[in-house]
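Novice: Below you will find the structure I want to go over with you.
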Amino acid sequence: MKEWLKISCLLCVFGFVREIRPSEPYVTEYLLGPWRNITEDQLTRDVYPVGTYSHLVQLIFVFLITDFLRYKPLIITVGAAGVIIWSMLIWTTSLLSLQILEFFYGTYMAAEVAYYTYIYAKVDKKYYPRVTSHTRAAMFAGKLISGITSQLMINLELMNYKQLNYITLATQILAMLWAFSLPKVDKSLYFHREAYLTEATPTIARPKSGEQQESAVTETETEICQPPKIRGQSSAGALLWQHFHNAYTNPRVVQWSLWYAIGLAGYLQVTYYMQVLWKVIEPEPQIAWNGAVDAVLTALAALCALAAGYLHTGRLRPRASLLVLSVLSALEGGSVLICCWTNNIYWSYAGFVIFGALYGFTITVASAEVARNLQEDSFGLVFGINTLLALVFQSLLTIIVVSETGFALDPVGQYTVYAFYFIAVAIIYFISVTIEHFWRRSKSTEKLADSLE
């Protein structure tokens with residue numbers, strides 16, 4: 001087996017096993033069940049927001065140390081955090097322990113960035129598209145198996161909500177142990193760049209003394225082909241700033257990065273509290289179909305992401321992409337309204353599945369457009385910053401909509417706000433695209449008139 005494929009397979013096993021968490025579709029049912037003595041209000045306002053804030057704060061530090069520690073230690077940390085989380089879910093009962101658990105959930109989610117970026121430090125750039133599809137497919141497969149397993153266990157009455165946590169704990173232990181088998185990374189983009197450049201950059205020898213007539217040309221070629229004079233940890237900040245400046249002075253990158261961050265923030269908020277909304281709509285369901293809904297959503301989201309990649313590549317111009325995404329964002333808002341403006345749990349399930357499928361399409365297009373306008377080496381930096389911005393937006397939504405310092409809306413009110421959040425984004429971007437279209441058209445008309453004069 002080729003080395004790049006072997007590394008990809010090793011990482012994909014980790015991603016697949018980590019995503020097998022059959023307890024997650026029923027975590028709210030479990031926490032509000034007889035095993036713990038907390039109320040729905042405490043769960044919504046005192047527990048879940050801790051995970052949101054923890055994810056935001058820790059992502060800042062994780063983002064900076066992932067490159068410095070060269071990825072693998074952070075992947076092991078993901079597994080270790082998972083073991084701590086599900087151990088505490090099983091063997092603790094107090095409100096404080098849940099809040100501590102949510103802190104570690106922030107670690108669990110923040111350190112995930114190492115999983116996505118590790119592979120790029122270990123394989124040649126020509127394999128990037130293939131290994132990216134491998135790692136994403138592994139996670140989708142794990143989520144799909146997780147949803148199906150949880151639903152079967154509940155429907156067949158083989159396990160209750162608490163017992164599902166034992167399966168999740170076992171997969172997290174296995175994922176942590178598997179992470180130790182991953183090959184170590186010898187180079188990274190910023191803090192260990194010397195090895196990165198030595199491997200990636202060809203060397204052209206300087207001319208000998210007898211070649212003076214070609215000296216100027218050869219020296220120019222040598223300067224072009226030699227690595228930039230950015231070495232070691234002392235200049236990592238300079239390179240970070242250079243990549244940041246080059247990316248975010250590009251209007252297209254800014255435009256699509258904002259879309260990416262706003263869309264991701266809304267998606268995280270909608271998915272984070274959806275089980276609470278379902279509990280309000282159907283307090284005592286005979287059978288909770290949460291696992292099946294997760295499985296269907298995962299499958300549709302994967303298909304929509306593939307469709308987005310196929311339809312978008314070479315078929316939609318950036319302006320047309322924005323118009324399509326504006327319409328789809330409005331539909332996302334409509335699907336969230338279906339989730340919360342109904343007393344029928346099955347309509348709410350359907351709205352959530354539609355929302356997830358639409359999001360899978362839109363976020364893929366947004367990611368592709370950001371990547372299209374970037375220098376290749378700055379992918380990780382820009383997507384990390386965009387994710388950080390998304391968490392800032394999500395935290396603001398939590399403070400304004402959920403917390404006692406804000407409006408402290410009930411679940412139906414919260415989801416009504418999230419729905420109009422997506423609709424407002426659609427309207428703003430539609431107006432901006434329309435204005436840009438007419439502005440460009442007027443400019444081209446002026447140029448044509450000037451040329452005719």
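Yeah, the Cβs are placed from backbone N, Cα and C, and that goes for glycine too.
No curator has checked TrEMBL annotations; they are predicted automatically.
Got these off TrEMBL a minute ago, pasting:
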{"type": "TRANSMEM", "residues": "73-91", "note": "transmembrane segment"}
{"type": "TRANSMEM", "residues": "103-121", "note": "transmembrane segment"}
{"type": "TRANSMEM", "residues": "258-275", "note": "transmembrane segment"}
{"type": "TRANSMEM", "residues": "287-310", "note": "transmembrane segment"}
{"type": "TRANSMEM", "residues": "322-343", "note": "transmembrane segment"}
{"type": "TRANSMEM", "residues": "349-368", "note": "transmembrane segment"}
{"type": "TRANSMEM", "residues": "380-403", "note": "transmembrane segment"}
{"type": "TRANSMEM", "residues": "415-435", "note": "transmembrane segment"}
Novice: Can you tell me which parts of the same chain pack against the transmembrane segment (380-403), counting only residues 6+ beyond its ends and a CB-CB cutoff under 8 A?
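Specialist: Sequence-remote neighbours of the transmembrane segment (380-403) are 44-45, 48-49, 52-53, 55-56, 59-60, 63, 113, 116-117, 120, 189, 240, 243-244, 247-248, 253, 257-258, 260-266, 268-269, 273, 367, 370, 374, 409, 413-414, 417-418, 421.
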Novice: Please report, as numbers and ranges, the same-chain residues at least 6 past the borders of the transmembrane segment (322-343) whose CB is under 8 Å from any CB of it.
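Specialist: Result: 255, 259, 263, 266, 270, 274, 277, 281, 316, 350-352, 354-355, 358-359, 361-362, 365-366, 411-412, 415-416, 418-423, 425-427, 429-430, 433.
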Novice: Checking distant contacts: for the transmembrane segment (349-368), what same-chain residues at least six beyond its ends satisfy Cβ-Cβ under 8 A?
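Specialist: Sequence-distant neighbours of the transmembrane segment (349-368): 256, 259-260, 263-264, 267, 270-271, 274, 278, 289, 293, 296-298, 300-305, 307-309, 312-313, 316, 321, 324-325, 328-329, 331-332, 335-339, 342, 383.
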Novice: Given a Cβ distance threshold of under 8 angstroms, which distant residues of the chain, six or more beyond its ends, lie next to the transmembrane segment (287-310)?
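Specialist: Hits for the transmembrane segment (287-310): 22, 24-26, 29, 136-137, 140, 143-144, 146-155, 275, 278, 349, 352-353, 356-365, 368.
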